[in-house]
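For reference, the structure discussed in these notes is given below.
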Amino acid sequence: MAAKDVKFGNDARVKMLRGVNVLADAVKVTLGPKGRNVVLDKSFGAPTITKDGVSVAREIELEDKFENMGAQMVKEVASKANDAAGDGTTTATVLAQAIITEGLKAVAAGMNPMDLKRGIDKAVIAAVEELKTLSVPCSDSKAIAQVGTISANSDETVGKLIAEAMDKVGKEGVITVEDGTGLEDELDVVEGMQFDRGYLSPYFINKPETGAVELESPFILLADKKISNIREMLPVLEAVAKAGKPLLIIAEDVEGEALATLVVNTMRGIVKVAAVKAPGFGDRRKAMLQDIATLTGGTVISEEIGMELEKATLEDMGQAKRVIINKDTTTIIDGVGEEAAIQGRVGQIRKQIEEATSDYDREKLQERVAKLAGGVAVIKVGAATEVEMKEKKARVDDALHATRAAVEEGVVAGGGVALIRVASKLSELRGQNEDQNVGIKVALRAMEAPLRQIVLNCGEEPSVVANTVKAGDGNYGYNAATEEYGNMIDMGILDPTKVTRSALQYAASVAGLMITTECMITDVPKGDGPDLXAXGMGG
């Protein structure tokens with residue numbers, strides 16, 4: 001076993017803080033409407049230019065093992081905020097850095113780290129409840145466009161596009177982002193259906209750059225059974241190979257020799273196949289297979305109605321213009337099913353919604369209607385160069401996540417104002433002892449950090465602006481884009497409540513653990529061993 005390097009107490013914490021600061025300082029230059037870009041070197045191709053906090057955080061690896069541990073823990077904050085709400089990664093990093101810096105000062109001054117952490121946790125729980133009371137529902141198109149605009153770094157066209165896409169496919173509809181061909185952004189609404197089942201084997205992937213399987217004009221085999229014996233499949237595979245089209249298999253499961261044979265056929269290029277599990281379970285799976293059959297003009301091969309897989313023909317297959325499968329979703333675009341049949345099916349499900357007794361059933365039925373009737377909206381991002389395209393696409397993705405979060409949990413005043421209002425409302429909060437009170441103060445002081453950083457990135461004086469905003473009340477704040485004070489909601493500067501909440505919770509979670517660190521252990525770097533003298537042969 002390799003020798004270990006161990007650091008204790010202040011030595012460990014100083015190193016850890018240095019790593020935290022390197023990562024956070026790189027990320028926080030991107031915050032706010034006047035945040036700057038960061039250029040990331042790539043081992044191949046052009047460098048990537050980004051203003052997305054999590055993309056910057058993911059690039060950072062430090063040479064010093066102890067500093068790197070600090071950086072990696074804060075990277076986790078950005079990643080978690082990104083997974084939960086899809087945005088707010090820079091805010092989360094700024095909050096984490098502020099809590100860690102203030103917290104470690106308190107530890108150095110002799111406070112008990114565990115009580116500090118309890119105080120921080122108490123403040124965050126109270127702050128989350130307070131955020132919920134400040135939250136305003138986000139339902140109209142104008143508010144959705146404003147949230148999208150702020151999240152796309154004040155790009156109004158992106159905000160409007162997302163609001164338009166949500167109008168067309170509904171708030172439950174599926175919206176995807178693709179590379180455009182021109183200079184302008186476009187919005188395409190494609191009839192389609194998406195369900196959460198990915199490919200059964202990564203060997204089906206034919207677009208390695210996106211990690212997806214794309215099938216053009218495939219046949220779609222729908223089977224309400226497990227397929228493990230390849231002999232059942234042979235007639236279908238031969239017919240599809242003759243037709244020269246790809247095949248998508250949607251079945252209860254495809255396993256064993258059947259899956260292995262499909263993979264081998266695909267890799268050898270004999271027939272292009274992909275297999276996914278059918279969505280849902282039990283009766284809901286049968287119903288969803290029937291939905292897909294209606295959409296694609298196919299028939300579900302089910303032994304319950306006396307159909308056997310060996311006897312299936314191309315007439316029983318569904319068809320679609322295009323199918324995209326990634327590791328956890330499958331999207332069927334432009335199924336060839338008849339409009340009348342689709343509308344009939346939608347009517348049938350709506351009737352079931354009226355008769356449904358439980359909220360859960362009603363919700364699942366509404367999801368099915370959205371998938372059958374809503375379609376898929378595709379935002380095509382236009383740009384002059386590939387570098388700009390990548391940067392813009394990342395921003396549109398962020399904005400899309402933010403608007404979904406806003407529709408889900410509502411919005412609060414943006415520009416760091418909501419956290420300042422929460423902190424002032426919690427100024428009377430107390431813990432069980434003095435050290436916990438210091439922990440509460442650390443968390444409340446850290447809640448000013450996002451506003452201060454936004455102002456700093458504008459080249460203004462953070463303390464002056466922070467004090468002016470604190471002196472106001474309600475949604476009164478500082479518009480960093482125009483450098484004016486006013487009502488943030490009226491000025492259209494909104495943050496999704498979910499994004500602000502997630503940023504605060506994840507920042508406090510990781511920062512609290514780092515404050516309570518007393519010892520760090522890592523491998524001793526392997527030095528070059530001493531050169532062995534060459535053994536002479538004598539004489």
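A Cβ is built for glycine as well, from the same backbone N, Cα and C atoms used for every other residue.
Pulled from Swiss-Prot, these are the features on record:
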type: BINDING; residues: 30-33, Lys51, 87-91, Gly415, 479-481, Asp495; note: ATP binding site
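All features noted in Swiss-Prot, drawn onto the structure.
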{"residue": "Thr30", "record": "ATP binding site", "Cβ neighbours (10 Å)": "22"}
{"residue": "Gly32", "record": "ATP binding site", "Cβ neighbours (10 Å)": "27"}
{"residue": "Lys51", "record": "ATP binding site", "Cβ neighbours (10 Å)": "21"}
{"residue": "Gly88", "record": "ATP binding site", "Cβ neighbours (10 Å)": "32"}
{"residue": "Thr90", "record": "ATP binding site", "Cβ neighbours (10 Å)": "28"}
{"residue": "Gly415", "record": "ATP binding site", "Cβ neighbours (10 Å)": "27"}
{"residue": "Ala480", "record": "ATP binding site", "Cβ neighbours (10 Å)": "25"}
{"residue": "Asp495", "record": "ATP binding site", "Cβ neighbours (10 Å)": "29"}
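In the three-state DSSP scheme, Asp495 (ATP binding site) falls into the strand class.
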